[in-house]
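Enquirer: Structure provided below as structure tokens; questions to follow.
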Amino acid sequence: SITGETVELLEPYLDMEDYNLETAKKVCGNVAGLCSWTQAMAYFYGINKEVLPLKANLALQEGRLAAAQMELNSAQLQLDEKQMELDEVQAMYDAAMKEKQALLDDAEACRRKMKNATALIEGLGGEKLRWTASSKNFQHQIIDLVGNVLLATGFLSYSGPFNQEYRNLLLQLWKKEMDNKKIPYSNNLNLTGMLVDNATVGEWNLQGLPNDDLSIQNGIIVTKASRYPLLIDPQGQGKTWIKNKERNNGLQVNSSFTIFFIHYM
């Protein structure tokens, strides 16, 4: 209820030097509080005059803030919905990219396989002639197999006691008889290569067997024949070889001059 006019009428009194609480107490202690109260109300009016517009503006701004907050909440809901949609679309995109990469990897693997297959086909194309010749050679080997086995069996069974020259003579006689009987065999047959491989021969040589054809044939007879072999061994080379070869197999050796007999326990 305080107005500007009331405050304006009080200003002459408020401006007086003796219009204060201390002077009023000296005059009359009961009215000293009233003096102080009038000063406070005038001061309140001045402050309130400035505060009222601020309160009005505060109320206005709070209304605007509430409206803006509602708009913000609505926008946040829309943002959350769009974020969910974005996440779904991102997941679909990631799945599509993963599938695309898998397809690219498969395509690259197929290209590599195709390249390798092409190179293999081109490489094998050059082998066609050799394969054709090898196939024909295998056919001949199949046909000649019976005669070759017969010669190898005869060699193992009957040529042991003889020297190299007589062994060759026996093979020639057997071949002549097989020709008469029309039994096919390989003209270039190598009995040593047929009955033993080079790796085994190399191992025999390391064990002390000489590297000549007769010694290798003797080694074949010793290892392949079903009978107990009897070796005539004046130089002791065969004995050394067999002892080294059968050292770990429980071999027993009985020596008498240059002739010895071996058997397996």
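Yeah, the Cβs are placed from backbone N, Cα and C, and that goes for glycine too.
According to TrEMBL, the protein carries these features:
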type	residues	note
DOMAIN	6-174	domain 'Dynein heavy chain coiled coil stalk'
COILED	58-117	coiled coil
DOMAIN	203-254	domain 'Dynein heavy chain ATP-binding dynein motor region'
Enquirer: Could you give the mean pLDDT over the domain 'Dynein heavy chain ATP-binding dynein motor region' (203-254), rounded to a whole number?
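Expert: Averaged over the domain 'Dynein heavy chain ATP-binding dynein motor region' (203-254), the predicted model reaches a pLDDT of 83.
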Enquirer: Is it possible to list how many residues within the domain 'Dynein heavy chain ATP-binding dynein motor region' (203-254) are helical, extended or coil according to DSSP?
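Expert: Helix (H, G, I), strand (E, B), coil: 28 helix, 7 strand, 17 coil.
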